[in-house]
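Listed features, source TrEMBL:
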ACT_SITE  A:Arg88  active site
ACT_SITE  A:Glu91  active site
ACT_SITE  A:Ser114  active site
DOMAIN    A:75-147  domain 'Cyanate lyase C-terminal'
Protein chains: 10
Amino acid sequence: MNRMDVTEKIISTKVAKGLRWADVAAQLGRSKEWTTALCLGQMTATAEQAEALGGIFGLNDEEQRWLQVVPSKGSLATAVPTDPLVYRWYEVVNVYGSTLKELIHEEFGDGIMSAIDFSMDIQREADPKGDRVRVVLSGKFLPYKDY
Amino acid sequence: MNRMDVTEKIISTKVAKGLRWADVAAQLGRSKEWTTALCLGQMTATAEQAEALGGIFGLNDEEQRWLQVVPSKGSLATAVPTDPLVYRWYEVVNVYGSTLKELIHEEFGDGIMSAIDFSMDIQREADPKGDRVRVVLSGKFLPYKDY
Amino acid sequence: MNRMDVTEKIISTKVAKGLRWADVAAQLGRSKEWTTALCLGQMTATAEQAEALGGIFGLNDEEQRWLQVVPSKGSLATAVPTDPLVYRWYEVVNVYGSTLKELIHEEFGDGIMSAIDFSMDIQREADPKGDRVRVVLSGKFLPYKDY
Amino acid sequence: MNRMDVTEKIISTKVAKGLRWADVAAQLGRSKEWTTALCLGQMTATAEQAEALGGIFGLNDEEQRWLQVVPSKGSLATAVPTDPLVYRWYEVVNVYGSTLKELIHEEFGDGIMSAIDFSMDIQREADPKGDRVRVVLSGKFLPYKDY
Amino acid sequence: MNRMDVTEKIISTKVAKGLRWADVAAQLGRSKEWTTALCLGQMTATAEQAEALGGIFGLNDEEQRWLQVVPSKGSLATAVPTDPLVYRWYEVVNVYGSTLKELIHEEFGDGIMSAIDFSMDIQREADPKGDRVRVVLSGKFLPYKDY
Amino acid sequence: MNRMDVTEKIISTKVAKGLRWADVAAQLGRSKEWTTALCLGQMTATAEQAEALGGIFGLNDEEQRWLQVVPSKGSLATAVPTDPLVYRWYEVVNVYGSTLKELIHEEFGDGIMSAIDFSMDIQREADPKGDRVRVVLSGKFLPYKDY
Amino acid sequence: MNRMDVTEKIISTKVAKGLRWADVAAQLGRSKEWTTALCLGQMTATAEQAEALGGIFGLNDEEQRWLQVVPSKGSLATAVPTDPLVYRWYEVVNVYGSTLKELIHEEFGDGIMSAIDFSMDIQREADPKGDRVRVVLSGKFLPYKDY
Amino acid sequence: MNRMDVTEKIISTKVAKGLRWADVAAQLGRSKEWTTALCLGQMTATAEQAEALGGIFGLNDEEQRWLQVVPSKGSLATAVPTDPLVYRWYEVVNVYGSTLKELIHEEFGDGIMSAIDFSMDIQREADPKGDRVRVVLSGKFLPYKDY
Amino acid sequence: MNRMDVTEKIISTKVAKGLRWADVAAQLGRSKEWTTALCLGQMTATAEQAEALGGIFGLNDEEQRWLQVVPSKGSLATAVPTDPLVYRWYEVVNVYGSTLKELIHEEFGDGIMSAIDFSMDIQREADPKGDRVRVVLSGKFLPYKDY
Amino acid sequence: MNRMDVTEKIISTKVAKGLRWADVAAQLGRSKEWTTALCLGQMTATAEQAEALGGIFGLNDEEQRWLQVVPSKGSLATAVPTDPLVYRWYEVVNVYGSTLKELIHEEFGDGIMSAIDFSMDIQREADPKGDRVRVVLSGKFLPYKDY
């Protein structure tokens, strides 16, 4: 058994039971973004969180234990994603990558925006011309220092 | 001459004159995000915008004309970016890609978040534990329909 | 179980029963293009469509449910397709890609032809020198805007 | 000197003179699709066509001669195109590739749709919900035969 | 079940029974080149051919039916083949590719040598310095035309 | 200076003077296939052959000397060729690669068809349904031996 | 069943029984280099050799038959090997590749060192500063000839 | 200026003057293998060696100084070499890689054959059936140790 | 059975029993770095070590035997690692690779830092601004020598 | 002009003047590791540091200004480095990557070792069996947190 087996069981159960990630997150008391990433094998649960998920998805002890093991992360099957929704995000990095780099450096100097001390919030933005997806990303700025 | 020559001249002049993208954007009356993307060869200018940039960066008529030609977009040199700042964004797509897909589909159904009818806003978020980079992405949801 | 299992069952049943996609589509009341893409795991069914396909291909409840889950799209096994029929399409993009870009921009300005708000129609075109395949692609033009 | 030098000169002159591909095509008496592909280094001109283009773009004898040499074709810089407009076409091949294969085989049997005995027509399709790009592709069906 | 399963069964049976492709072809009344390609999952059988192969390799009805389905073609596991015999052919394309292009264009003008309306014949050529493999490839020339 | 410079000069002169490879080969007294490969930087000339080519293409002493240096071979810019004519040959290797392997081994046992002790002959084959390209490849069979 | 299954059974049995390749080779009466390559699925056995290996590794008739089928060769899982021992050999080709090319051409003219009419001998070379691995490679020189 | 410029000058001069690597090596008093690798930009010269090569190839002080700088090594343009002579070596690693690994481990245990404490010797081996290239590689065995 | 099966069993048992690598190492009397690498299929055990691990992880005789077979090394699934922790190490090689090369050559001359005669030590470094990971790598310097 | 031009000028001047990185670092009053990374185009200088380097390497005002612009980082030409010294580091990540991941997670939980808040120290370690390279890497641990 490995973490991927647990992820597959969670997804399978979610489809079979018709669950929603937002409801799972509410039961866990965490954001839907982090909770979904956890369920999809990208984050690590505490024992309590694992137990709670165990209740929702019918996971046994060993499966709950795997949720507490730090997973090998990365959810893209290929370097350039083929799924249209995910590709649009890759395209944003491709088209706006140099812009992001220039503007963050202009404001903060040399360094990066952390992808670890990081959170994400996804919301529907009502718009008469068609609703929009609004995603807020927040990451700590980490400066390079000389030494 | 091609668009890349104009981009290089803009960047070179910016370094030589010590300009800031935010100031360039203010002179253009557009956001700093779109303006930087334009200057880095990813967007297309109107004649007025080209002229304004011409004044700032000392571009002649032919160079201004190239700013009005739709460029061949994409600012990454390799499929997986090597620069640490840009890589962190690729990592976000890699680690959170499946999460983004699940949550947007849960809220909107099958479709994508547009990377064309799209805007981006980058801000400093003061934080006693270290300032954060806050990026808001807003893209129209485009549904797949059956036919 | 996942969507790919359902796709394989559909294809297997189609061969075993000697069905035609055009007939499946007629039973669904949708175009043969969209219906085939749905059956091949690229589109998402409504509950009614899933039930109809369930009847045709002998799919149980769980399998029908999977047809209603947004799939991870992309039907090429490699970045450059090896199958001769599919490769010819890749070759069209390769040889005519810059032409498509130039002419769409000339007519519409900067933006893209949507692959989401998109439809496709494949017909036989009788021709004394050998029949032709005629494919009509229709996609909404989405403009880049400054902001 | 090689064909790429001629292509670059044509594009450069087009931008400098503000020409349109549609007008160039009209002067040549050929479709705008084929003419643009020719100017972008993908097709081969006759002596008359080369002379006509020579007049429009100011090409000397040697440059006109290069237009009559069969070029090494392929206009994508990478196997997966990075430009958003061109990528959407690659995505169509990726998402609908298996559908195209199934439906063409269902109608015609084993074989391919030729990308050589092939033509393309790009039109604006007025639509109150936003104009559409309509592209008609027509390629001769070539059957595999046993021997 | 899919075509690959049938291919594997054919190969397995051929080894177990010690059959020769040339004999299989003779029973089918087709060339050994086309017959082998069919058995290896690259070509499509008629019902009669499928039945004949069914007799030779002990294929049941469903397996025979798969032989009549147009397969997804391509028999190389990697873009550059690793097997020494197959690599030598790739090397010929690599070393002589530009030569083939130049000489076919010199003789026929712009176009291609079809790989669909195509046949292949492999023979032993006795030679006192060591026998040679003689392969004759014949493909229809398909011209690019302007339009 | 290197061999590639000489190759480019030869091609450039050929276009400028309107020469044909077949005529160049006749002047050299060698086949058009080998001669073209030599001119395209894939083969090595003797001093006499280099001098003869020097006369035809206006090559100076140093350039003639480079024709006598064994070149670094390989004429494809990418692992999978993008030019349609050359790609069709790659496709033949892809679709028929396993067939070639099976039939050559069936006739000769384990070994390869040499791409070194090798010759190629390209001819037009008149055909009322459209002329064909006929290519004969002849390579010595080299057996693997145990030791 | 295929050759890979036989290779895995041989390796598995070797570990379970604690056999040495050198002893297997001695029983076969062939070199340890060729014998190991045969057992690892890279060479083809005669019926006698297959029977002998069948005795050593407990292979049944069908498995012995597979040893006599020419395998699809190539034992690297990736184009650039990841195993440190095998990588050092790749590094030798990388660092000394141009040197090998220059010196073999200087001595023999244009052509190659055959990897088919080829043998390899691996020995321990005692050395007070640490024993060395001594590998002798011997391959027939095959000249390119004009024609 | 960089090391590659010096390498190109050395090769260019060698062709222009018609020198042989073996003679260059003799003047340096080192093996032809190491000397060629040095001249091709893979090894580092002492001041005396640089001066000697400076005399042979007409290198000025700065160029001689570059010969004494440790170069960035690697002489293959692509991961899989396209030149037939160099490819045969890659093929040896591919076909015999697992054999080399097994036999060196059988004799020495876990570790590698060094590509640094390494030497190479290339000789002609006269043979009535065609002369052979004989290459002796000698590398120190370096064991992995536990700690 | 192969080494990978043993690795999976070890990891699975470790999660099920809640073991720590540091404790496993203490039982083995070796460093936690080497012990973990051994358990993850990168190193080779002695019979005693295999037996000890057999006791800890419940491995039978055949599984213990596999621990004593030199494994095929390399623990990355892709050339560029996707896991954020492992990627940071790849990034260090990417950003500091040329620096490492320059400084080691400046101190030692041409050669490498061995990855075989090598050890690694990972420690927590308490720091009021947040604890740090301190990794000491020690590898023998191996010089290139002329010959 | 861009940063790469400045890097090349620095390296060129260093070779021409025979400077050492350690001495450059001493003049800057920073570590040799950071200083070398700065000079090789991976770090960003303050105005004072740029001026100091300007004095050492003869850089004019514009060149000094480029040293203060955040560079696009990454010093490997290919995803898998070809230079033997740099490759050994890649190999360490490959062979020990999973070990690093396991042990850092065991000690710290889920998170990464920062490559930004990071320093490196390279020293010679005298050893009677051959001197060793000792590299100490220190990076802040950054935990993933739920939210």
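Cβ atoms here come from the backbone N, Cα and C positions, even for glycine.
Caution: TrEMBL annotation is automatic and unverified by curators.
Summarised as a single figure, the pLDDT of the domain 'Cyanate lyase C-terminal' (A:75-147) averages 96.
Within the same chain, residues at least 6 positions away in sequence whose Cβ sits under 8 Å from that of A:Ser114 (active site) are A:Gly139, A:Lys140, A:Phe141, A:Leu142. Secondary structure from DSSP puts A:Arg88 (active site) in a helix. Cβ-based neighbour count (10 Å, all protein chains) for A:Glu91 (active site) stands at 24.
Reduced to three states, the DSSP call for A:Ser114 (active site) is strand. Neighbour count (other Cβ atoms within 10 Å of the Cβ, all protein chains): 25 for A:Arg88 (active site). Note: A:Glu91, taken in sequence order from the active-site residues A:Arg88, A:Glu91, A:Ser114, have a C-beta within a distance under 8 Å of a chain D C-beta.
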